[in-house]
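Peer 1: Before anything else, here's the structure in question.
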Amino acid sequence: MLTWTPFELHTAQPFGIARWTHSAYERVRVDWSLDGVTGRGEAAPNAFYGETGATVPAALERLMGAAGDPWEFRTLAGRLDAALGHHPSAKCALEMAAVEVCALLVGRPVRDLLGLPGGEVPESSLTIGLASLSEMAAQAQAAVARGHGILKVKLGTPQDEAILAALRDVAPEVTLRVDANAAWSLSRARRMLDVLADYRVELLEQPLPAGDLAGHAALRRSARLPIIADESLHSVASVPALAEAFDGVNLKLAKLGGPVQGLRALELARLHGLEVMVGCMIESSLGIAAAAMLAPLCDWVDLDSPLLLAAEPVSGLEWKAGRLQLPPGPGWGVAWAE
Ligand SMILES: [Mg+2]
């Protein structure tokens, strides 16, 4: 039996990127019960990819009728795509629930069901969202004091140089990554390349608008740091076209349609010579547990959402400073507090 339940997440501080600032997020949990176990999935809709908390329930009603047998999880995405067009976070929740049902029925973690390695997860970056200069600097300083070694700073403002200077001031040794969230022009991005080098930035995520692959390819030719696609990657099928324009891709299950689709995108990216980051929306530790399964196969990890939340309904995902520990338990290995 399939059911869905809406819930809300709140970030501890308003979370800002170039397009918006929010502190409340509408999410939906999917439960798939079979033979005494219940698999769970999370829909983390993002308006940029055409979904909201208001559209997911209606999408789920349509998709649930097409879901079929959870053991046929490798062909689930095809059935869901035939039932409804692009609605990736709703499909992600269903695919997550399907694979967890099967993993729970055999008493193993989902990663075992899918044949994925366990072990060490690369340290996750912690995101410093857009806020006032002094708030961003204070957040960076606090993160370093808590033991974080990698910060990802949101840019895409008229004061990007000042933000980098302020962060380097308080965190001179930290590994710094930049995400412009598609907010720069090509000329602005070209000028920023030298600034990024001056501040020893490790990688640059999505400098230009999502559809501007030619611009990204041109920028990449003069860049000395890796350029990573995020907004430009909106489905598994969009991966091959990114290989000329980018050095790597940021995979998020909520935009790809679930953990099996995330794995397909990862393998496709590797076949096309792309490096891989696994990232997230603002989502609970349930969604993060699913993404974390891919993390041992990735070059970069950006799964910090649980660290940004004021509180959350999910427990069982442990962190050691910036390092996520893969839960040992069956299924996703996390518990939902009722
Ligand atoms: Mg991004």
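Keep in mind that glycine also has a Cβ here, set from the backbone N, Cα and C atoms.
Among the features that TrEMBL reports, active site, proton acceptor is placed at K154, K252. Look at TrEMBL and you will find D179, E205, D230 tagged as Mg(2+) binding site. Residues or ranges marked as domain 'Mandelate racemase/muconate lactonizing enzyme C-terminal' in TrEMBL: 133-226.
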Peer 1: Measuring CB to CB from D179 (Mg(2+) binding site), give everything in the same chain under 8 Å that is also at least six residues away in sequence.
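Peer 2: Within the chain, D179 (Mg(2+) binding site) has Cβ neighbours under 8 Å at I17, T127, K152, V153, K154, L155, L204, E205, Q206, D230.
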Peer 1: Which chain-mates of K252 (active site, proton acceptor) that are at least 6 residues away have a CB under 8 A from its CB, listed by sequence?
Peer 2: D230, G262, V278, G279, C280, M281, A291
Peer 1: Of all the binding-site residues given, E205, D230, which has the fewest Cβ neighbours within 10 Å once its own Cβ is left out?
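Peer 2: So among E205, D230, the binding-site residues given, the one with the fewest Cβ atoms within 10 Å is D230.
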Peer 1: Filtering K154, E205, K252 (recorded positions) by proximity to ligand 1: which pass a Cβ cutoff of under 6 Å to any of its atoms?
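Peer 2: From K154, E205, K252, counting a Cβ under 6 Å from ligand 1 as near, the near ones are E205.
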Peer 1: For the domain 'Mandelate racemase/muconate lactonizing enzyme C-terminal' (133-226), DSSP counts of helix, strand and coil?
Peer 2: 47 helix, 15 strand, 32 coil
Peer 1: Applying the rule Cβ within 8 Å of the centroid of the Cβ atoms of D179, E205, D230, what extra residues of the same chain belong around the Mg(2+) site?
Peer 2: K152, V178, A180, N181, L204, Q206, I228, E231, N250, G279
